[in-house]
């Protein structure tokens, strides 16, 4: 029987409770789930890539499925090329709303055409739908407490950023 290998990618800047929920739920469908932190040249990151890897790995230690999850980073390649190299059997994507669906439908088409790799979509839980990293960064920039929406270790790192600015 072929090993089921998933790949869930994003910038995770910062990691949210919504991301962790998708990782936990998706990992139950795979023998191995790679979580890829990829550099996006169109975004100005709050945290460097290595710090985001470190924060995600720390947050995963509290999940019961962490033995199935491996964090990877990549700075310069198409996600589908990484997926092929890893032997991925399905991409994992999260849908919060209709805007996500429109974007992901387009990506699904190209991923499938280029590699034959299917995409599994996970709907965000209703209470996590509003969460996204951009909103967390905005709220944090205006001095708002975002600890309810991010893992504790991420909240701690955000506070450290605040201290460095003083």
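Yeah, the Cβs are placed from backbone N, Cα and C, and that goes for glycine too.
The substrate binding site annotation in Swiss-Prot covers 11, 43, 79, 93. Swiss-Prot lists 11, 12, 19, 104, 128, 129, 130, 131, 132, 133, 134 with the feature ATP binding site. Per Swiss-Prot, site 'Transition state stabilizer' is recorded for 19, and the stated evidence type is sequence analysis.
Looking only at the binding-site residues 11, 43, 93, the one with its C-alpha closest to residue 132 (ATP binding site) is 11. Each of the binding-site residues 79, 132, 134 was scored by how many other Cβ atoms lie within 10 Å of its Cβ, and the smallest score goes to 134. Residue 79 (substrate binding site) falls within a helical segment according to DSSP. Following the DSSP three-state reduction, the secondary structure of residue 130 (ATP binding site) is coil.
Residue annotation for substrate gives 11, 43, 79, 93. The furthest Cα pair among them is separated by 19 Å. Per-site Cβ counts within 10 Å over the binding-site residues 19, 43 peak at 19. Annotation for residue 11 (substrate binding site): spatial neighbours 37, 38, 39, 40, 43, 45, 52, 133, criterion Cβ-Cβ under 8 Å with sequence separation of six or more. Non-local contacts of residue 128 (ATP binding site) by the CB criterion (under 8 A, 6+ apart in sequence, same chain) comprise 16, 17, 18, 21, 96. Around residue 130 (ATP binding site), the C-beta neighbours below 8 angstroms that are at least 6 residues distant in the chain are 96. In this structure the alpha carbons, written CA, of residue 93 (substrate binding site) and residue 19 (ATP binding site) are 10 Å apart. In the three-state DSSP assignment, the secondary structure recorded for residue 19 (ATP binding site) is helix. The 10 Å shell around the Cβ of residue 93 (substrate binding site) contains 22 further Cβ atoms across the protein chains shown.
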